[in-house]
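Quick look at what TrEMBL annotates:
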type     : residues  : note
COMPBIAS : B:1-10    : compositional bias 'Basic and acidic residues'
DOMAIN   : B:102-316 : domain 'ABC transmembrane type-1'
REGION   : B:1-25    : region 'Disordered'
TRANSMEM : B:43-69   : transmembrane segment
TRANSMEM : B:106-127 : transmembrane segment
TRANSMEM : B:148-168 : transmembrane segment
TRANSMEM : B:188-214 : transmembrane segment
TRANSMEM : B:235-256 : transmembrane segment
TRANSMEM : B:295-316 : transmembrane segment
Amino acid sequence: MNTRTDRRLMDLQVDRRSFLGMLAAGAAVVGVPSLLSACGGSSAGPTTGYVAAGADVIPTYVPIEYAKPDFPSVNGSTPGFATLPAELVQSVPTPPGKGTAFTAMTPLWGTIPPKSGNQYYAAVDEMLGSTIDFQITDGNTYGDKLATVLASSRDVPDWVCVPTWNLPPRFGSEIVGNVFQDLTPYLGGDKVKDYPNLANIPTDAWRYCVFNGKLYGLPFPGEILTDAIFYRKDVLDGLGITPDVTSAQDLLDLAVEITDTNAGRWGTEDLWNSAAIIFAVPPKWKLDDAGKLVHRVESEEYRAALEWNASVFAAGVVHPDAVADQSGDAKQRFQSGKTLIANDGLGSWHEALRDNLASNPEFWQQPFAPFAGDGGTPVLFKGNPANIFSFLKKSDDEARIKELLSLADVLAAPFGTTEFDVVNNGVEGVHFTRDDQGMPVPTDLAATELQPTYIFLVDGPIANTRVQYPGYVEASSTWQAAASEFVTEPVFFGQQISEPQQYASIAQPFVDLEKDISRGRKSLSDLDSAIATWKSAGGDELRTFYQDILDKQ
Amino acid sequence: MTASDVKDGARSGAGTPAPPPARTPVVQRKIGWRTRLRRDRSLLIMTLPAVGLLVVFAYIPMLGNVIAWQNYSPYSGFFNSSWAGWSNFERVFSNPLFLNAVGNTLTITAFQLVFFFPVPIVLALLLNSVITPRIRTTIQSIVYLPHFFSWVLVVTLFQQIFGGAGLINQTLRAHGHQGFDLMTNPDTFLLLITMQSVWKDAGWGIIIFLAALSTVSPELYEASAVDGASRWRRMWHITLPALKPVIILLLILRLGDALTVGFEQLILQRGAVGAEVSEVIDTFVYYQGVVYGDWSFAAAAGLVKGVVSLGLVLGANKLAHVFGESGVYKRA
């Protein structure tokens, strides 16, 4: 049930990059919600299926580098910057806007900033040359608002942010073509070179913005790995335990060892997402040896993950509140040391440092190095190349679209540019001051005014730039570089496939079943009957639907 | 006040000369509808805003139920969605999850009718017997308060107290006893949600009963006390008969809502106990319709629920008449 995950998403305070943790949570809802994200309609007119993008659709990739990463990307891992560049470059010399006032709709997991006299808005708008009037909605209920707004194309703002986990049903098949502007004529192929910062966004992220063979979205690029299994290294050090986990059994043994219910300390949170990682459960489909598609719920990996997760619950090492599925408080329990192992998005790492280092300078969470359930070679599935998109409202006014894209070009400026600095840190002296090492220290005003808004519209290539937490960029970058060795692309990677609507809900029983089996309320034989039901309710037809798409590729 | 009372009042208010104290239908038939329209004009005008509200917010949206017979998509609209005949209803009735949801709904309703519905009545009677006004208002305020908590808060509170890491369990463990977990046990879930409902809403529910009790003339009690009636007899022969119409009225209204049981309360605890015991019609409709965008199917399920609820209200009302009560409404 994805509402649960949504609750988890909302608990995070989101700012640039930091909400990658949240993205991961979104991405972690693989399975059913991924059905959501690729729904099609069955009534007359809608387009379902997948249309590959022609060469002139995907924008040409022209990389630019303003700062050299201290920890370069390995196999697509997120590059890390451990220091701030000495000189910032203004990547777009003059404000490209024509003074037009645009409206934009974005989510926010935090307190909505004031509009009047907001010096952050003023600073960014000055850089843009146009103004953007934000209609900000609570991220928790953003999906509901989005569904309503999109149902009436007249009321759609000029620029709309759409997180992938909020993609309403029928988005690809019916909405996108009716409501949003086809950007292919503006950005396809070499045309993107008019917007150098947009051309700097990698190809995979663009490909994911293609619906029905046309480019519609502007991406917020995602990381190759979204989730990790974290443990409280500081607490384990205190207990004199140095974890050496190389199999699922090792992890369970460790959880048992560190559980002390009398001290109010349990080993783990609900590790279902971890189980899926450890046992390499495919995000949606996998190919068996004969080249046939096997759905995630039918796979051996899924069964093994469920079985193991059930054994974790049965061992009594899961915190009772997590057993009661109060996943919204998972972070709080983990950070206060009530649980010592938890699954989370990689982006939550520095958020945890931000929230805890002040009160607990020793605080350190560390992800386990990747391992496979049986102790063999781990398999990690690559995350979506973009987890958030934005779309421009359909318009016949070519100049208007071009102006919006030129604003997007400013906002997509990468680390090392003045634009990036202003969008992320605001104005020096107003929103931040510099400490003796030149690191930006946010002021109180930043907390009210500098909320993530522009960043939800478009973003440059991913980079880890959290220089302010000692050791963090290095730890994160090296972990990810090492893990990237095991990363593999799932079938249909980076493709937007619009499914016929009638298959939307057939996998719903599995969301409940995952919780039921994990908590010992149901057994694996219930899984068999659920799979049989799934097949007869349309699962086999869905397989044929995907097989056709696969055969055409 | 019944409809005929209102009519009588209007009649005398309009100054019609010496109306016969007739409530018999015979007399009413003699007056033509034009006459009645003219006579009740001001009253009818006064109902217009309420009727308008009903039309705009209840009757017109009701037309939307047409999507239950369509393959509806909000992007095609009512007019462009194709027709599906009864297939959505067939899917609803052949869906084991829906039948499970209906079963759960009925179980919860029946259980709460017995163990939750009487609680406010008992509370009201107890409170009514408290003489000191200060103590009474204090108790009243305390039991009202939880009504204003959201379900999220209520569930969290229960988790903090009864959960596996909650107050009670940690205390038990500290004293070397085995803990128990009320919050994640599907077998006792019915008990749990009823406890939560009682804690949250029983205090609120007593308001109406207290109001009814306040209308009982103290002279009746005095007279019966003089006649030697015991406390129990006074309750049986004076208090309860005074409450009876209100109890029946609320019971009928409750039956109309019988298929609506704690949406938020159940969604919040779904993961803790599993869908098998916590899925009810409302949550089923939510997941099918809103989460998975199967609007027509969800509308069909919702419509079935609406029709059954209507039947329940009509049936209960009829039953009330049989027992000589006026119920929610009565034909003039």
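Using N, Cα and C of the backbone, Cβ positions are placed for all residues, glycine too.
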Selected stretch (most C-beta pairs under 8 A with the transmembrane segment (B:106-127)) from B:43-69, B:148-168, B:188-214, B:235-256, B:295-316: B:188-214
Cβ-Cβ under 8 Å with the transmembrane segment (B:235-256): same-chain residues at least 6 beyond its ends: 113, 117, 121, 125, 128, 208-209, 212-213, 215-216, 220-221, 224, 229, 309-310, 312-313, 315-317, 320, 323, 325-328
Same-chain residue ranges lying at least 6 outside the transmembrane segment (B:148-168) that approach it to Cβ under 8 Å: 179, 181-184, 192, 195-196, 199-200, 262, 264-265, 268-269
Outside the transmembrane segment (B:295-316), six or more residues from its ends: residues with CB under 8 Å to it: 64-65, 67-74, 81, 84, 88-89, 91-92, 98, 251-253, 255-260, 281-282, 284-286, 288-289, 327-328
